[in-house]
Amino acid sequence: MTSLPGRGVSPSSSDPLCEGNAAPSSSSSGQDLKQSKNSILSCVFSSPFSIFEAHQDSSAHRPLKPHSGSYAWSRFLRRIACTGSMWRFLGASKALTSSDVWFLGKCYKLSSEELSNSSDCESGNAAFLEDFSSRIWITYRKGFDAISDSKYTSDVNWGCMVRSSQMLVAQALIFHHLGRSWRKPSQKPYSPEYIGILHMFGDSEACAFSIHNLLQAGKSYGLAAGSWVGPYAMCRAWQTLVRTNREHHEAVDGNGNFPMALYVVSGDEDGERGGAPVVCIDVAAQLCCDFNKGQSTWSPILLLVPLVLGLDKLNPRYIPLLKETFTFPQSLGILGGKPGTSTYVAGVQDDRVLYLDPHEVQLAVDIAADNLEADTSSYHCSTVRDLALDLIDPSLAIGFYCRDKDDFDDFCSRASELVDKANGAPLFTVMQSVQPSKQMYNEESSSGDGMDIINVEGLDGSGETGEEEWQIL
């Protein structure tokens, strides 16, 4: 719930310090020290883009005892070098490694020295940064109307899971309406689709997917203003909100404003403990049929897969599998982060994840659905933060967007291949059908702490799965 610390990185500079040269020693003159400080600061702030910020263990960010003169500055630089953070001061033509970056299903080669000939990879930091900064960034806000009957006019220190989930769903809507290749235009007026999506995530009850409405929809799963919530409860809150929203709009004008079916995947094929969640093809087909009001045609579908991949920490056997999900063209990333600090994880390089951080406090803004000249800058971020994959909380949720039947079939094929690589411990599995099982737990036992145990009931009358069990894998 608190902000993840990090260090900014400038994308371009020819200064020797930016190339990782030694820091000035404690015997440097005052003039040399001043020049060194100016060099490194100009390196950091010389560009509108901050390429990377990295999360370090909290012990690395404890307040330092006061030091003066060149000793303190040298100590600061040595500490950066020792923690492996000096690369963050490199220029835009440099990257942490020559490894590929996978970002929401697209591959980028950030190294200027080793360009890939693969048609699956795009070269250059500029292309990656344009993609990253075009993603919808949703953060803490303050100054909005009080949430329901509470006195909360801000979600600071407790709303990060809600904000992370809003980011993931917003990307699904962007991909649906504007396509994966869409980038934020540099000129106004903006497209009605883009502005309409931002409007839906505004901070008022009038906005379909606001924090106000999500908390209301998730009450039965423990969502409440001022309280933190886990990924499973958050996914179920979205399921409830989307269903309620669709029913309301269909009653008013015959149309819903969520343009896809939503499938929260959980439980194993028999509803018993110990199995991986199952993507059931028949359930997905039924959800699409219901979305299309009984027609057999396939609809776009959003899949949310809540998981617990360990107890106190992420089980390392799942790391390669999590990394590979970012290579799926259907990837929407992960709701996850350090314990108690949810983020929106959207990419991976080597064993580090790249994420958008909701822990920045901004004033609430009202973007009208028809205001194509609106200032949308607070919904975009050009600072990439990274975190070691093995440090993320084992409670997380993975998202996928499938545009049509062919896209869903491709997703199922990739997921099945991932199962084959899992050595008996898959993230989730794919099956044609599942059998309903007996009720094992009461719905009242669920809570919003990310460790919910829910009923397994098969399909309900709406074609959606009942409240299924969510187990530690």
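Note that Cβ sites are derived from N, Cα and C of the backbone, with glycine treated the same way.
Per Swiss-Prot, the features are as follows:
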- 1-33: region 'Disordered' (REGION)
- Cys160: active site, nucleophile (ACT_SITE)
- Asp357: active site (ACT_SITE)
- His359: active site (ACT_SITE)
Between Asp357 (active site) and the residue listed as 'active site, nucleophile', how many Å separate their Cα atoms? 9
What is the interatomic distance between the Cα atoms of His359 (active site) and Cys160 (active site, nucleophile), given in whole Å? 7
So how many other Cβ atoms are close to Cys160 (active site, nucleophile), meaning within 10 Å of its Cβ? 28
Please state whether DSSP places the residue listed as 'active site, nucleophile' in a helix, a strand or coil. helix
Number of Cβ atoms other than its own within 10 Å, given for Asp357 (active site): 25
Assigned conformation of Asp357 (active site) - DSSP reduced to three states: coil
